[in-house]
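Undergrad: Here you go, one structure.
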């Protein structure tokens with residue numbers, strides 16, 4: 001059931017403020033329209049077509065049906081978890097299910113209050129505003145969101161000093177969907193204003209296999225179920241990586257003039273791209289090797305590892321560490337990062353004894 005739109009934000013023509021004059025900055029197209037359309041086609045459009053995240057889907061299904069029954073907007077939703085697990089896709093699915101628009105932006109793009117103000121005033125009843133990397137919102141922008149989320153009201157300060165006045169503008173009832181890889185970095189006032197807070201987990205191999213088979217069908221790629229499974233096993237539990245690896249294996253099969261992707265061909269291709277059987281790439285192995293060879297397995301601080309590898313500390317923490325922690329190759333303690341026995345064995349090295357001193361009896 002679609003939500004009725006009023007399309008009126010009750011703005012007075014006499015209100016003049018920088019906050020009400022958002023600049024429209026044209027963005028360069030980084031990819032061709034055909035490529036963008038293809039990428040969009042890989043995303044499922046409805047909740048029933050979304051593979052994986054079973055518990056989360058049930059929570060969202062109930063929220064959608066309840067909101068439709070009351071003809072209301074869905075409560076504000078915070079999605080958190082490692083990158084590439086489908087947070088943006090879920091926001092688009094919510095909009096499709098609710099038959100409303102979805103406006104997509106990222107916190108770093110909302111540098112000035114006028115940026116978020118323009119977005120909020122343009123929203124119609126039921127619309128979804130998706131903010132990626134929401135933990136990176138600056139203080140002023142975040143404070144503007146508080147009354148917007150809670151009371152659907154925008155408070156704007158007119159003038160300066162003692163003559164300053166606060167004018168409140170009514171907003172359409174909308175849904176804010178925030179996405180973050182660092183939920184602990186959100187302030188309590190912002191986090192507490194989300195009615196739904198849901199975590200996305202890494203995907204199982206069989207779920208990634210289904211995603212790869214679906215993507216292969218869309219891209220007209222011939223692949224066997226076992227070939228899809230071989231790619232899924234190296235996809236780090238992440239759909240975005242699974243689709244990327246499929247495209248690289250597709251290129252390899254095309255050049256090698258192979259009509260179908262099977263496990264042997266997939267392994268050959270991914271070995272060429274230095275993606276091993278657990279999905280670790282060159283940088284993953286570099287982090288583990290550096291920790292083991294230069295720091296005797298740890299414990300070692302993140303900055304020290306970053307300096308030794310030449311990688312950005314934030315990149316290591318947000319891109320590489322989550323999967324290494326998930327598969328048990330890395331441990332984080334109050335003293336720093338530690339390579340586990342499994343990491344030594346994966347790299348073909350003999351772990352020291354005892355590897356983890358705190359486990360000694």
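Every residue number used here counts from 1 along the chain in the order it is shown.
Glycine is treated like the rest: Cβ placed from N, Cα and C.
As annotated in Swiss-Prot:
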type	residues	note
COMPBIAS	1-15	compositional bias 'Polar residues'
REGION	1-41	region 'Disordered'
REGION	13-203	region 'Large ATPase domain (RuvB-L)'
COMPBIAS	28-40	compositional bias 'Polar residues'
BINDING	42, 43, 84, 87, 88, 89, 150, 151, 152, 193, 203, 240	ATP binding site
BINDING	88	Mg(2+) binding site
REGION	204-274	region 'Small ATPAse domain (RuvB-S)'
REGION	277-361	region 'Head domain (RuvB-H)'
BINDING	332, 337	DNA binding site
Undergrad: Write out how many residues of the region 'Head domain (RuvB-H)' (277-361) are helix, how many strand and how many coil, based on DSSP.
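TA: Final tally across the stretch: 43 helix, 9 strand, 33 coil.
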Undergrad: Please compute the mean pLDDT of the model over the region 'Head domain (RuvB-H)' (277-361).
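TA: Averaged over the region 'Head domain (RuvB-H)' (277-361), per-residue pLDDT gives 87.
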Undergrad: What are the DSSP helix/strand/coil residue counts across the region 'Small ATPAse domain (RuvB-S)' (204-274)?
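TA: Secondary-structure breakdown of the region 'Small ATPAse domain (RuvB-S)' (204-274): 49 helix, 2 strand, 20 coil.
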Undergrad: Residue 332 (DNA binding site) has how many other Cβ neighbours within 10 Å of its own Cβ?
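TA: Cβ-Cβ neighbours of residue 332 (DNA binding site) within 10 Å number 15.
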Undergrad: Taking only same-chain residues 6+ apart in sequence, whose CB is under 8 Å from that of residue 88 (ATP binding site), what do you get?
TA: 104, 130, 132, 179
Undergrad: To the nearest Å, how far is the Cα of residue 150 (ATP binding site) from the Cα of residue 332 (DNA binding site)?
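TA: Computed Cα spacing between residue 150 (ATP binding site) and residue 332 (DNA binding site) is 37 Å.
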Undergrad: In the three-state scheme derived from DSSP, which category covers residue 84 (ATP binding site)?
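TA: It is coil.
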Undergrad: Near residue 84 (ATP binding site), which residues of its own chain have a C-beta under 8 A away, given they sit six or more steps off in sequence?
TA: 238, 239, 240, 241
Undergrad: Can you tell which of 152, 203 has the most other C-beta atoms within 10 Å, given these are the binding-site residues?
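TA: The largest 10 Å Cβ neighbour count belongs to 203.
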Undergrad: Using DSSP reduced to three states, classify residue 150 (ATP binding site) as helix, strand or coil.
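TA: Assignment for residue 150 (ATP binding site) reads helix.
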